[in-house]
Amino acid sequence: MKKLLPLCCWHSWLLLFYCDFQVRGAHTRSHVHPGFEVLASASHYWPLENVDGIHELQETTGASRTHNLTVLPSHNSTFVYTNDSAYSNFSATVDIVEGKVNKGIYLKEGKGVTFLYYRKNKTSCISNPAQCGPEGVSFSFFWKTQGEQSTSIPSAYGGQVISNGFKVCSRGGKGSVELYTHNKSVTWEASFSPPGHYWTHVLFTWKSEEGLKVYVNGTLRTSDPSGKASPAYGESNDNLVLDLTKSYENRAFDEFIIWERALTPDEIAMYFTAAIGEQLSLSSTPPSFSVTPTVNTMAPTNAYHPIITNLTEERKNFRRPGVVLSYLQNMSLSLPNKSLSEETAFNLTKTFLNTVGEVLRLPSWTAVSEDSAVVPGLIDTIDTVMSHITYNLQASKPQVAIVGSSSMADFSVAKVLPKTMNSSHYRFPARGQNYIEIPHEAFHSQAWTTIVGLLYHSVHYYLSNIQPASTKIAEAANYKNCLLSATSYLISLEVSPTPKLSQNLSGSPLITVHLRHHLTQRQYTEATNESNRIFLYCAFLDFSSGEGIWSNQGCALTEGNLSYSICRCTHLTNFAILMQVVPLELTRGHQVALSSISYIGCSLSVLCLAITLVTFAVLSSVSTIRNQRYHIHANLSCAVLVAQVLLLISFRFEPGTAPCQVLAMLLHYFFLSAFAWMLVEGLHLYSMVIKVFGSEDSKHRYYYGIGWGFPLLICIISIVFAMDSYGTSKNCWLSLGNGAIWAFVAPALFIIVVNIGILIAVTRVISQISAENYKIHGDPSAFKLTAKAVAVLLPILGTSWVFGVLAVNNQAMVFQYMFAILNSLQGFFIFLFHCLLNSEVRAAFKHKTKVWSLTSSSSRQANVKPFSSDIMNGTRPATGSTRLSPWDKSSHSGHRVDLSAV
């Protein structure tokens, strides 16, 4: 702290000096800094640091008020030496307040609580700001991150300041102030960057008609002018407490001051400059102010060297992005207000940006995109440093420009007189496909104009997973579950005074932003997927609320495609192209229609498949039904039946539950088994029609291994490696997000391709036979054989699933309906073509009926001759000549292909 000249030391010295001046009268008022008068008007003051006895608990009897400062009688005064000031050594007498617990302000510590503020009325202006009247109230303190508590400096440690009326806290890399009025039940809240390793001054004011304002290091950072209704306040403390939170880092407080009125911006500026030991020059138009250096106007490069060196050394200890951000923010606020030569400004800019670039490459930053506040906060800090450099850049000629490149960004720092600009526009960068252009007519000021340009090289990689609800992009908020991500470089341009631009996007002049897209592999895959809609937004980081929020207000995308975007904007700031990928969703009408088709079709299929299995079981004694072809039909029917029953049941379970997860595993197995048996159907058809090989018995065990064993193996592997992918998304099925769905899609696509090939080959053979039959017999019905064969084979080969591949977007809606109809009715078509309309099944059923009839009559007439054993064995009895069907004619024609398999 001594090394860096902390702000709190100046504050302590100034207050002690002023108290000594009032008590002893050793000086004249003409030499007093105007900030002393602001300090003297305070209602209460606690030094907290470097004050012996501050941790002792004492009774406050006979407390008196002197010079508007809360003090004790002189015999309780504490004599303080402040000998660590970089400017001079002084000693003075300061009186502090100490008293009973439950009466005011406290320090929370491991050994207990130290009393600091005594007030008989618990509903005071401090504990309830509504009691302050129209004058309002102001609270001021210094705050910083403290790594380890020092035993030699009894600072007040804590992570928050709380009372019954307000709370100041720092959590997760974000500072905030909350203020509550009990009579109207209204809460005011404002956020700001929390302190880091440097002392940071926080001052906030509140007035009923102005609301809450938060000043950090003398500058207004954020505000809440209106507040919001709040029936209950989260904390309940009649006293003011400096609290030690459970955060991983400690924070130290110093110089706590209360004014029972709202300070003006000028008063805040005077007080802050007095605290840091600078002279104040007030302008005629408050609240702006400038700090006038007390030394020569030119500062050598080494005036900034300690800060850069310290940053380079400290980054070795950085592990968490929030800590890094706090450190950089406080470093940016501690830069000296000294003039910079061009060489010094260039070295400082490049060193700072290179250092930040090295910090971004730390392993802890790989997941920083999950924290939406860290990267915008870092960008805001960089803007602060660059603005400081530009403001202090010494202009020795009408145009001063510093242009360079670092590992972090390309940069341009310029200070120019607009009248010396000869071109029709100002462009940054001067070359390349990523740039911002400002028309010359927008530069209306005749005074010095500062321009800061930054083109970040890799920050866009960290601008992903942006929640639409946390942005000001209304269009993106319509798809709250679809995250935003940057697809271009982040480019920044700041001009002061602000250019005069049209406030209407249809007017002129406007800013032109041209950005090339740099898509990751994942972004490109999603953008080119026809099942997704892509939205591109010209967005910028809006820091008006104290934190960076993405917005597209005042910007419009005028031209572009997947490679680039051109935007027109009414303002300057940090720009990037954000992409939002929205999966295509069906309208409510289509969803209801497709769901109804699925329910009705699956229910009908379940009934038909059950009838089919019962029919095959009853007719299993007939030889024509007992062959391998009908065994395969029965196994396929069983797999499809169980899969569709489970599918209907799964609609009743909530995703993410254990039953839903179990159902997803069973659905995976039985649907995969259904596809496997479709493959068996194709292989068996190929062996019977195209290439006859082996006996049925030799292939039997292979078919069962393919139909039931292979799907089981795939499911076991999938469950072992992707257990969490089952039943966790929108339904009881495999997750689409992590690739687990390919454990079903890949085998299914393979089977569809194989079966389509088999279907084509079989269709060619049938077509040849049909043509031959037409030539020999002249039967025109033979041409119908091809169409009939295809219709019969489609349900058992599963080729109708190809419509699922074609149904990828709203433009292919007809394929979605075809897919829903054909696949939900797969069981019905199996029953129709391979049971109800199948000539062999009908013949077997007739024979079985005759057997039942003869068996029944034989029990009544013993002399009735039993039915032929051939019929019992399933062989066809000799019958009279019948007209040959086209298929029978084909066998008589001498063709060696057996089409009974079809």
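Placement of Cβ uses the backbone N, Cα and C atoms for every residue, glycine included.
Taken from Swiss-Prot, the feature signal peptide covers 1-25, and the record attributes it to sequence analysis.
Positions annotated as N-linked glycosylation site by Swiss-Prot, on the basis of sequence analysis: Asn68 (among others).
The N-linked glycosylation site annotation in Swiss-Prot covers Asn76 (among others).
Sequence annotations record features per position, and here Swiss-Prot assigns N-linked glycosylation site to Asn83 (among others).
The feature N-linked glycosylation site is assigned by Swiss-Prot to Asn89 (among others).
Residues or ranges marked as domain 'Pentraxin (PTX)' in Swiss-Prot: 111-304.
DSSP assigns Asn217 (N-linked glycosylation site) to coil in the three-state reduction, outside any helix or strand. Taking the Cβ of Asn217 (N-linked glycosylation site) as centre and 10 Å as the limit, one finds 19 other Cβ atoms among all the protein chains shown. Annotation source Swiss-Prot lists N-linked glycosylation site at Asn217 (among others).
Annotated N-linked glycosylation site per Swiss-Prot: Asn330 (among others), in sequence order, evidence recorded as sequence analysis. Reduced to three states, the DSSP call for Asn330 (N-linked glycosylation site) is helix.
DSSP gives Asn337 (N-linked glycosylation site) a coil state; it is part of no helix or strand. Among the features that Swiss-Prot reports, N-linked glycosylation site is placed at Asn337 (among others), with the record citing sequence analysis.
Other Cβ atoms within 10 Å of the Cβ of Asn347 (N-linked glycosylation site), summed over all protein chains shown, number 18. Swiss-Prot lists Asn347 (among others) with the feature N-linked glycosylation site.
Taking the Cβ of Asn422 (N-linked glycosylation site) as centre and 10 Å as the limit, one finds 6 other Cβ atoms among all the protein chains shown. Reduced to three states, the DSSP call for Asn422 (N-linked glycosylation site) is coil. Per Swiss-Prot, the feature N-linked glycosylation site maps to Asn422 (among others); the stated evidence is sequence analysis.
Around the Cβ of Asn504 (N-linked glycosylation site), the same chain contributes Thr570, each under 8 angstroms and 6 or more positions distant in sequence. Per Swiss-Prot, the feature N-linked glycosylation site maps to Asn504 (among others); the stated evidence is sequence analysis.
Taken from Swiss-Prot, the feature N-linked glycosylation site applies to Asn529 (among others), supported by sequence analysis. Long-range C-beta contacts of Asn529 (N-linked glycosylation site), restricted to its own chain and to partners at least six residues apart, with a cutoff below 8 Å, are absent.
The N-linked glycosylation site annotation in Swiss-Prot covers Asn561 (among others). Same-chain residues at least 6 positions away in sequence with a Cβ under 8 Å from that of Asn561 (N-linked glycosylation site) are not found in this chain.
For the region 'Stachel' (574-582), the list of distant contacts is 379, 383, 436, 460, 463, 466, 468, 473, 476, 479, 482-492, 513, 515, 517, 523, 526-527, 532-541, 550, 555, 565, 567: same-chain residues at least six beyond its ends, Cβ to Cβ under 8 Å. The region 'Stachel' annotation in Swiss-Prot covers 574-582.
Feature annotation from Swiss-Prot assigns transmembrane segment to 599-619 (among others); the stated evidence is sequence analysis.
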Next on the checklist: Please tell me whether the transmembrane segment (813-833) and the transmembrane segment (631-651) touch - that is, whether there are at least 3 C-beta pairs under 8 Å between them, with each pair 6 or more apart in sequence.
Outcome noted: yes
Checklist entry - Fewest other CB within 10 angstroms, which one of the glycosylation sites Asn330, Asn337? => result Asn337
Checklist outcome for this item: Sequence-distant contacts of the transmembrane segment (599-619), meaning Cβ under 8 Å and at least 6 residues beyond its ends, amount to 625, 630, 633-634, 637-638, 640-641, 644-645, 647-648, 820-821, 823-828, 830-832, 834-835, 841, 844-845, 848
Checklist entry - Taking just the CA atoms, what is the gap between Asn330 (N-linked glycosylation site) and Asn337 (N-linked glycosylation site) in Å? => result 15
Checklist outcome for this item: For Asn337 (N-linked glycosylation site) and Asn422 (N-linked glycosylation site), the CA-to-CA distance in whole Å is 32
Next on the checklist: Mean pLDDT across the topological domain 'Cytoplasmic' (761-788), rounded to an integer, is what?
Outcome noted: 74
